[in-house]
Amino acid sequence: MAYAAFRSIGAYVPSKILSNEDLSKMVDTTDEWITKRTGIKERHIAADGEFTSDMGAKAAQIAIERSGIEKNKIDMIVCATISPDYFCMPSTATIISTKLGLENVTAFDISAACTGFVYILSIAKAFIESGMKKNVLIIGAEKLSSITDYTDRGTCILFGDGAGAAIISATDDKSEAIIDIHTGADGEFADLLMSPNGGSGSIHDTLDQEAKSCFMQMKGNETFKVAVKTLTKDVIEILQDNNIESSEIKHFVPHQANLRIIKAVGDALKLNDEQVVLTVEKFGNTSGASIPMAINDIYESGKLKAGELMLLDAFGGGLTWGSALVPFSPLK
């Protein structure tokens, strides 16, 4: 039987920084107000003319180079994004495939908001274990600045741009394998986080209303309560299902939405500060890109070593959620 191994990680962060001080000149807010409520100090913003596919391709190129796997051996690309280059078609994954010079690969996008990376990790695992694919490139890429209302202080303080990518490949060695992935969704809470843009559910009569509805909308307090409850329940279940103690987790890599949410879940699991990966302060919430960007951060800082166990955990619009137990298994 083939198993799926997490081989490499890469990320791309735009150079432009939007600080809390910058935002205080745009909306009624302060650095203190933002930091106290979110833990965010700054976020990165894509340059004019820089698209989601550009960022995704740059992150992917790094992941490919680090993997030790020949580029032409990649047989599938899956991109998680809620800010694609084009909302209808083509998919961002197909555009990325061309930018990477890859031909005849399966390529498609999925939309699971901030849980996107866990979802595409589960897709890669399933395709590899079925024997249908051998080397899958998964990408979380977001240009959230393109769907952020910079007159709404409740959302514009949260979001940033960036991309992260990983190579998942087949292995015969079970010790290298992704251990387990949980995913779920509940549409009952769909209105907590949404971007009611021009889909078939649109009810707007004018183009101005339609354009405004493309921006992300969030019910912050309700989302916080549901997120903490759902994330805590999910990570406890995946640990119990696999007879793994929280002390065995080397790196807890949650979706970087809000420092208070992350700390609440970490406290529920009795994790120490060294186990919890935090990048929300410098990147903000980058939705489907946040987990791979956080993994890349600990990789580049030398904290992530071969064989170490990561617990990934995410929650997003839909509502969606997911968790994964993932050993870091670079090719020897």
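Keep in mind that glycine also has a Cβ here, set from the backbone N, Cα and C atoms.
The Cβ of CYS114 (active site) lies under 8 Å from the Cβ of HIS255, ALA257, ASN285, SER287, GLY288, SER290, ALA314, PHE315, GLY316, GLY317, THR320, each of these being in the same chain and 6 or more residues away along the sequence. CYS114 (active site) carries a helical DSSP state (H, G or I). As annotated by Swiss-Prot, active site applies to CYS114 (among others), with the evidence given as sequence analysis.
According to Swiss-Prot, the active site annotation covers HIS255 (among others), on the basis of sequence analysis. According to its DSSP assignment, HIS255 (active site) is coil. Note on HIS255 (active site): other Cβ atoms within 10 Å of its Cβ, all shown chains, come to 31.
Along the region 'ACP-binding' (256-260), the predicted structure has mean pLDDT 92. Taken from Swiss-Prot, the feature region 'ACP-binding' applies to 256-260.
The active site feature in Swiss-Prot is assigned to ASN285 (among others).
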How many neighbouring Cβ atoms, not counting its own, are there within 10 Å of the Cβ of ASN285 (active site)? 23
